[in-house]
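Pulled from TrEMBL:
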type	residues	note
TRANSMEM	25-44	transmembrane segment
TRANSMEM	56-76	transmembrane segment
TRANSMEM	88-106	transmembrane segment
TRANSMEM	126-147	transmembrane segment
TRANSMEM	168-191	transmembrane segment
TRANSMEM	220-237	transmembrane segment
TRANSMEM	271-293	transmembrane segment
TRANSMEM	299-318	transmembrane segment
Amino acid sequence: MSLNSQNGQKQGEVGRRKLNNVTRYLAISLAFIQSIGMAFQFNNYLKGALIINQSIMSYLLIALVLTAGTAFLIWLGDQITQFGVGNGISIIIFAGILSTLPASLIQFGQTAFVGQEDTSLAWLKVLGLLVSLILLTVGAIYVLEAVRKIPIQYAKKQTAQRLGSQATYLPLKVNSAGVIPVIFAMAFFLLPRTLTLFYPDKEWAQNIANAANPSSNVGMVVYIVLIILFTYFYAFVQVNPEKMADNLKKQGSYVPGIRPGEQTKKYITKVLYRLTFVGSIFLAVISILPILATKFMGLPQSIQIGGTSLLIVIGVAIETMKSLEAQVSQKEYKGFGGR
């Protein structure tokens, strides 16, 4: 997968289009399979009252309608990306998370205060949750925006003179992958649970679903490992050390103490590995903290996705803000040039 992604980067726009098409086809295929499973689950839950004519065609029709909705959201996300601001799919996910926020707060309030004679403990839980959210938000912004600056020097005197006394460096993010690894890990956990939709009464399906639950001990370990692996994979999809080293060599620049070319590539790769390790551990910790809170503090299950949702909301908000700033700067530059 990593080799294919790097080849896609080398191919440029054509490679990115191929990768996007494969991603879309995979998303629609998974949506179709999950739609059939959801139809089975809802019909069994309502004891056959949902689908009167329980034929294969009925289930296929329901799956096609739900899959068409997924395809529409993918198309809508592409339109937002092309004509709007930021990544369209991320903004749709962002809106979906914010829409569930009031219900989650109400549920937490009911769980904390209902049936409590002494409300001091309930208020203590609320205060603890608010402080935790603030700390998580500050930590998430710090790590998502943290950058390791690799100093760069120029071999050509005229280039150095043109730059003046400005410090030149190569910025590498601590977490180059953003929040994508967390989304991938969550999607991976949805696949085993789909088995219980098709086989709700089978013990082996329930065992697989329980193992794929991040709340279980095994599921939590798998969840952490998946986040770390996806972070490394997507970081090297986003950042290509070989391309960076080639660009530096073409510009006549180099990292002090490192020879241009292959040695620079190895150095950037080593730094990226170390930074990605820190970023992956942070993502894993933020993701499992709400799960631990529900297990040991008696908080509602809806809080479990709070850490993951918080990461997604912060990440999308930061990227959208940067996209807005870039568009505003571009328009100001064009306006200045037009004068």
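Every residue number used here counts from 1 along the chain in the order it is shown.
Just so you know, glycine gets a Cβ as well, placed from its N, Cα and C.
Long-range contacts of the transmembrane segment (271-293) within the same chain, counting only residues at least 6 positions beyond its ends with a Cβ under 8 Å from a Cβ of the stretch, are 132, 136, 139-140, 143, 148, 150, 172-177, 179, 181-182, 185, 214-215, 220, 223-224, 227-228, 231-232, 235-236, 239, 241, 299, 303-308, 310-311. Count of Cβ pairs under 8 Å against the transmembrane segment (126-147): among 25-44, 88-106, 168-191, the largest is for 168-191. Using a Cβ-Cβ cut-off under 8 Å and counting only residues 6 or more beyond its ends in the same chain, the transmembrane segment (88-106) has close neighbours at 73-74, 76-82, 183, 302-303, 306, 309, 312-313, 315-317, 319-320.
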